[in-house]
Amino acid sequence: MERRENRMRRFLLFSRGLIDEALQQIGELPDKKYGGVGIATMTKNCHNDYKMKFSVDEEFPDLSLHNNHMAKVLTKEIYGKLRGKSTPSGFTVDDVIQTGVDNPGHPFIMTVGCVAGDEESYEVFKDLLDPIISDRHGGYKPTDKHKTDLNFENLKGGDDLDPNYVLSSRVRTGRSIKGFTLPPHNSRGERRGIEKLSIEALASLDGEFKGKYYPLNGMTEAEQDLLIKDHFLFDKPVSPLLTCAGMARDWPDGRGIWHNNNKTFLVWVNEEDHLRVISMQLGGNMKEVFKRFCTGLQKIEEIFKKHNHGFMWNEHLGYILTCPSNLGTGLRGGVHVKLPKLSTHAKFEEILTRLRLQKRGTGGVDTASVGGVFDISNADRLGSSEVAQVQLVVDGVKLMVEMEKKLEKGESIDGMIPAQK
Amino acid sequence: MKATSVWLLHGANIQPLFYKGHLCLTKPSAARSKTAFSHSPRPMWQYIILRLYLCSAEYPDLRKHNNCMASHLTPAIYAKLCDKATPNGYTLDLAIQTGVDNPGHPFIKTVGMVAGDEESYEVFGDLLDPVIKERHNGYDPRTMKHPTDLDASKIHSANFDPRYVLSSRVRTGRSIRGLSLPPACTRAERREVERVVVDALAGLKDDLQGKYYSLTQMTDQEQQQLIDDHFLFDKPVSPLLTCAGMARDWPDARGIWHNNEKTFLVWVNEEDHTRVISMEKGGNMKRVFERFCKGLKEVEHLIQEKGWEFMWNERLGYILTCPSNLGTGLRAGVHVKLPLLSKDPRLNKILDNLRLQKRGTGGVDTAAVGGIFDISNLDRLGLSEVHLVQTVVDGVNYLIECEKRLEKGQDIKVPPPLKQFK
């Protein structure tokens, strides 16, 4: 009985591919231009209809102890207006806010407290998400337009950061694939579809981008050890901010890591976003890192577009990602830089703020710095282009290294404090 | 591949039904879709292929899994149930999510699925029935009936030697009919459960009179007292529970009620709507069970006065979230000191034959400390409460006898296995 079931399982997984071909041949797969979830008459979310029989007062979450962007914005009025709605794929306002309800937040760190389940969430729930976006992204208005600039040639300098101080450089962003729902909401079938498309797209890269995909579910012990050693492997999310939003469901199904042979270009598949794209190398040549980043992204995007699954993007919010904090460029460009003296200077925080930069420990967000080495990156995501944000990092880090050198000599840096950018 | 499947469906004029991004197939709709292509109805074989295709894309990868759900969820059953939903909108994917996310342990076989509401046990019966049968020792919900008996007077020989039995405890759970269970309930439903239960508990009198402490509103002092009494429960951290969605909106509408004498305790909205616990120090299991039955009956009476009732049916007994707790949902046990017997290699066999299980005194998955064990019944479904408590009583009496004999240097015997309900 067991063997028969296993055979049936294998047959079904295999026949999936055959049926795809067969249906294509008999003309059942329609013209590609009708792809995507935007097709009308899609959904009836029975669970949400069932909820509507309770009043707003009965369903409204208790946010009295909460300190996140969602809790600051959500009123009974907004909740009442949005609770009857759902996106075409069935995502509701309760789904959007669940992570914020479950994680009241920290008195010092302000988390976003909500996620998008698909591209349409940002439309359907704009009454809630627009004010949150405005709070998080420095007053960004619903009518503002976001500029995308991935032309690496527009970056000035960036190839001369002192490698005695700047230990490594890195640029990361995320991309979502049109036609699929996002990690908080997607089904196993969708996630596998995203993985399949990604593998195809990445396998067609060549030159410095030639590389290999390692599915989390199928890698060997040896491969796993090497990925850990290279600091490439990502773990199942443990942060309740992510797990309460449903992003760790069905782990590790459909997840994997791709990197090029040179180990300078890395793509995470189906972690917190559909794709996380990372370009990095040791030393301070941010110009090269950014060039590889832009080139690689554009190559990948072309391939996805050919399959009629381009990246989610619009001119108001830029690149659409799961967390509203990553909208716009979704870009975090940064360096690991040694600033033992500057980091203890009284004006360090102020300098960072004026330069529009943020600091983290070298373990990433929420870690402490070790040995005076900081992760310094851009604070902005939405409202300025990729080039502009990396430019801020390049200029800002250059200035801070010079400040560090001055402090080493015992000189004052008061004359170097920059104006607010 | 949801995008692909949607194209296919529109070609077939099937109105797709989505919940949480999962595709549900419904009957072909009369209305034409708005897309450019149109097709006449397909031959039946194409629908079958389509359905298998869509469901195979969604079928979970259970190759590394070792739980009851994974053992019984065949692709055929998945295909049959994947598009069904209970009247509240709870689907199969939701029910099995915890089992997909937690492959299990090579030694411990977890259940791997939960029910979102009372109807889940019907709508997903094709999967739940074999899971229940495996978990409850061959009890077949399709053919057998579960007896309920809360007449404490039938219990005998239940006053243990307090030199051996340090404490006695009986717990069960109850769900309020008409409201969804913790994996699926909305905030409003959870608050309604709290309201109904707290209302009823306020009507208890005499030795059962007590007070409710809401998790959101208790003072620091009250919290400390509850911790000292070992009554306070925490937000679940076990992924078995969190992946099933039981910790959502914590600590909204959760709380603890106990009587003034601290011998009758009710947890509200933890893993089930209610968990009811009767306990006391020492070995008077008879009195513990008497209080247990009295309390349960009075609470049931009080909610019935307001038009509510407990979820119960004669196939499955009392309906609870986890299929492992169906039937009586009862765990009756003692903390008993058996230092000599704990070193005897025959202990496990003795416990097996007596239909008992041992745990450490910290609860499930803890180790025994100082030869003190938590001994309780193994079974939940297919046998009545009275039967299970008597089994524990007889078993504990036997274990104490064994310990006494070992103290005198005498030998002990492994008892013959107890008869099962089948």
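Cβ from N, Cα, C; glycine included.
As given in TrEMBL:
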DOMAIN    A:51-138  domain 'Phosphagen kinase N-terminal'
DOMAIN    A:165-407  domain 'Phosphagen kinase C-terminal'
BINDING   A:168-172, A:His231, A:Arg276, A:332-336, A:360-365  ATP binding site
Completion exercise
Close in space but at least six residues away in sequence, with Cβ under 8 Å from that of A:Val171 (ATP binding site), the same-chain residues are A:Ile278, A:Ser279, A:Met280, A:Met286, A:Val289, A:Phe290, A:Phe293, A:Leu331, A:Arg332, A:Gly333, A:Gly334, A:Val390
Problem - Which of A:Arg276, A:Arg360, all binding-site residues, has a Cβ with the fewest other Cβ atoms inside 10 Å - result: A:Arg360
Exercise for the section: Over the span of the domain 'Phosphagen kinase N-terminal' (A:51-138), count residues by DSSP class, listing helix, strand and coil in order. Expected result: 42 helix, 2 strand, 44 coil
Practice task
Measuring CB to CB from A:Ser168 (ATP binding site), give everything in the same chain under 8 Å that is also at least six residues away in sequence.
Solution key: A:Met280, A:Gln281, A:Leu282, A:Gly283, A:Val335, A:His336
Handout entry: Segment-level pLDDT (mean, integer) for the domain 'Phosphagen kinase N-terminal' (A:51-138)
Key = 94
Practice task
Let me know how many other Cβ atoms fall within 10 Å of the Cβ of A:Gly334 (ATP binding site).
Solution key: 25
Exercise for the section: Would you mind pulling the DSSP three-state label for A:Ser168 (ATP binding site)? Expected result: strand
